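Straight from TrEMBL, the features:
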- 2-91: repeat 'Solcar' (REPEAT)
- 109-217: repeat 'Solcar' (REPEAT)
- 109-128: transmembrane segment (TRANSMEM)
- 190-211: transmembrane segment (TRANSMEM)
- 232-323: repeat 'Solcar' (REPEAT)
- 232-256: transmembrane segment (TRANSMEM)
Amino acid sequence: MSDALINGLAGAGGGIIAQLITYPLQTVNTRQQTERGLKKEKSKLGTIEQMLQVIKHEGWERLYGGLAPSLVGTAASQGVYYYFYQIFRNKAEAAALERRKLGVGDGSVGMLSSLVVAALSGCVNVLFTNPIWVVVTRMQTYKKNLKKSKSGPELSTAQDEAVLAAAEPPPFGTTHAIQEVYDEAGVLGFWRGVFPTLIMVSNPSMQFMLYETMLKKLKQRRALSKKDNSGVTALEIFLLGALAKLGATVMTYPLLVVKSRLQAKQVTTGDKRHHYKGTSDAILKMIRYEGLYGFYKGMGTKIVQSVLAAAVLFMIKEELVKGARFLLTNKVKSKPP
């Protein structure tokens, strides 16, 4: 089994587990990102309160809306990303060794090369998996009709109308989301938001550049202190993954909001402020009607979710890779000469 395939499968496994743990936070965050509000009109509800509101009025299952296609998307994204990341990195390492023979560099992959490798892997991943994430966004932002308590007081008319205006009749599954996207824009509708998403490959690029750099420095320190160079613990991997993701998320969050706005259901009638024709139109309308705050809606939730998910993913991926290599090594040793 090739090293690229091992990393691809380990990345897919780690991504699925991280997704299961953090999915309710993802759903709430996507709803926060796609809220259309005027300047200085901030949500009064925190993340936990919003989760409780969804459970109360729509049922707990709405926190897991789109989970099935999301798991498929996560497995595909992580598998594709890590597979091509390892292939491109192997080529970068080979090129670095060739340059060393010519007296250029120390034979290691530098920060710029790591950034290019991660960016190329991210672009391949985006082009393959964008349709899945369009469907997931539709399912996460879909809202069921309110559940009204028979014994308790009903919501005020204003609140009731506001929620019902955004609600759609259930059921709403994966096939409904696919049909909705196709009816709106045909096949090309499944690549809505692909432009900001391609730009957003800078997020995992920065994430992996920071991660690889910190991991390299940690191993170098271990080597200097005469410790085993590979003796990096799962907790250290967890913390390095969290720090890398935190830095990348803060820098690229506005693009994530634009992408979610484009992939969510478009309002084709009524208020034109809520209808986006494309990336530039979305950015200009958000600046005009919502100000800079609009680009950072739900950022607190995203930081918690993405940092936790990335830390879990890195930790599990590294453990799976170690386990797979250990099993393969023992299998080779056990074979008779």
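Backbone N, Cα and C atoms are what each Cβ position is placed from, and that goes for glycine too.
Packing against the transmembrane segment (232-256) from elsewhere in the chain are residues 33, 196-197, 199-200, 202-208, 210-211, 214-215, 218-219, 222, 295-296, 299, 302-303, 306-315, 318-319: each is 6 or more residues past its ends and has a CB under 8 Å from a CB in it.
Here the transmembrane segment (190-211) has long-range neighbours at 81, 85, 111, 114-115, 117-119, 121-123, 125-127, 130-131, 133-135, 181-182, 240-241, 243-245, 247-249, 251-252, 255-256, 258-260, 262-263, 278-279, 310, 314, meaning same-chain residues at least 6 beyond its ends whose C-beta is under 8 angstroms from one of its own. Residue counts for the repeat 'Solcar' (232-323) under DSSP, split into helix (H, G, I), strand (E, B) and coil, are 75 helix, 0 strand, 17 coil. Here the repeat 'Solcar' (2-91) is broken down by DSSP into helix, strand and coil counts: 73 helix, 0 strand, 17 coil. Within the model, the repeat 'Solcar' (232-323) shows a mean pLDDT value of 82, rounded to a whole number.
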